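Following: one structure in structure tokens, then a few remarks.
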Amino acid sequence: MLEYNTDGTYLRNGPGLWDLGDYGFRHLFDGYATLVRVSFRDGRAVGAHRQIESEAYKAARRHGKVCYREFSEVPKPDSFKSFVGQLASLFSGNSLTDNSNTGVVRLGDGRVLCLTETVKGSIVVNPDTLDTVSKFEYEDKLGGLIHSAHPIVTDTEFWTLIPDLIRPGYVVARMDAGSNERQFVGRMDCRGGPAPGWVHSFPVTENYVVVPEMPLRYCAANLLRAEPTPLYKFQWHLESGSYMHVMCKASGKIVASVEVPPFVTFHFINAYEEKDEEGRVTAIIADCCEHNADTSILDNLRLHNLRAFTGEDVLTDARVGRFRIPLDGSPFGELEAALDPEEHGRGMDMCSINPAHLGKEYRYAYACGARRPCNFPNTLTKIDLVEKTAKNWHEEGAVPSEPYFVARPGAVEEDDGVAISMVSAKDGSGYALVLDAKSFKEIARAKFPYGLPYGLHCCWVPRDK
Ligand SMILES: CC1=C(/C=C/C(C)=C\C=C\C(C)=C\C=C\C=C(C)\C=C\C=O)C(C)(C)CCC1
Ligand SMILES: [Fe+2]
């Protein structure tokens, strides 16, 4: 039973269907979006799940084959004519998927949006019924085929990055809560490479947007290819350099652009403004789940590798990568591990924080870590960035998904609340797990009647909203 009186709905989105008939997909990120809901009310939990009815999913169901270009799976042209048609449709973006299988966010006006990395893959869902409601139509002229799958969402606004694949750079845009119109804030030109670096996510502070430019860069040619390359839609351009840019939210002006050591990250954890004794902002600190600049994490996440654990420790190392971006005009920034990666078993991804600390100095982060040997993150971990220690939860043979922090109503302390995760147990069953965010000990679990697929990202819809 939940003594936390934190009534509300936990939603988790993720790729959940990886086969069409006897055709099996290749990569974790290809799966058709499965939205899972666990509603907590008066100490009880009720679960539900549904597929998101994207055009890509409906077409796949109708034709029994992949009809849109997913992360690694692409339609197989059955004739030269259909190949030419696909080529033409790619330039318009029509053949890219709208399979919104990655994020789920609750906008400031209460609408719930499922997202992927294509702009067209923004889909409004009903958090109670899990119905697919409609496409989220952006009512502006900013365009863009691709955007960050993790917009920054608060009660009042929404920030996103739109990579420009034609003139390598990024557009920073914002939207008011209740609006569908993205507003241009500023543009950041890339400093290296033939294309923008992959921006699956990015961090903000109270006054700044941080735009990461990693050497894992989009590759338009790979977007066109019929067969995936080892780095899918991307190419590794170590020689092009790695950069962190900082834009002022209010003016859209670039206030810093520094070169940093090479990095590979999907998920930024948080960022904040470092201040001196007089309260002047001297630097931006930005934390991310950093994979030691090793792109083989993408290979780790191929379904064959995930389903064939041999007992060998194959999960590549990851850390809390902490950038320090000086605002004094220095040309270089720093990147170091924020704590000893052994504290969390050198596994680090799928993170959350207390949203009240978004963009502000913070102490705790919740993520998936590792107890080795393993081929995928198999623990939940609470990181203390002040003590530089971690508390870990583990169950033999279990695979937990992102631990999502929910504050206790009226909480003052940063870690006063719970962390909710969905766990696939060793015997194939599944359950929702509720950990006390302070002690990181189990409070409750709600067993599902059957196992559910792994999923990616979550959001919380309070009951009274
Ligand atoms: C990347 C592009 C596309 C698709 C992106 C999709 C569908 C999802 C990306 C999800 C990511 C980056 C998830 C990361 C998870 C990390 C884990 C589980 C780490 C574990 C190990 O530590 C499109 C939509 C095909 C468009 C082109 C670009
Ligand atoms: Fe993500």
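Note: Cβ is positioned from N, Cα and C throughout, glycine not excepted.
Just one of HIS394, HIS457 is listed by TrEMBL for the same Fe cation site as HIS150, HIS200, HIS267, and that one is HIS457. Those residues of the chain, other than HIS150, HIS200, HIS267, HIS457, with a C-beta within 8 angstroms of the mean position of the Fe cation site C-beta atoms are THR102, GLY103, SER148, ALA149, SER201, PHE266, PHE268, LEU456. Around HIS150 (Fe cation binding site), a 10 Å sphere centred on its CB holds 22 further CB atoms from the protein chains shown. Less than 8 angstroms from the CB of HIS267 (Fe cation binding site) sit HIS150, HIS200, SER201, CYS288, CYS289, ASP349, MET350, CYS351, each of them six or more residues away in the same chain. All protein chains shown were included, and the count of other CB atoms within 10 Å of the CB of HIS200 (Fe cation binding site) stands at 18.
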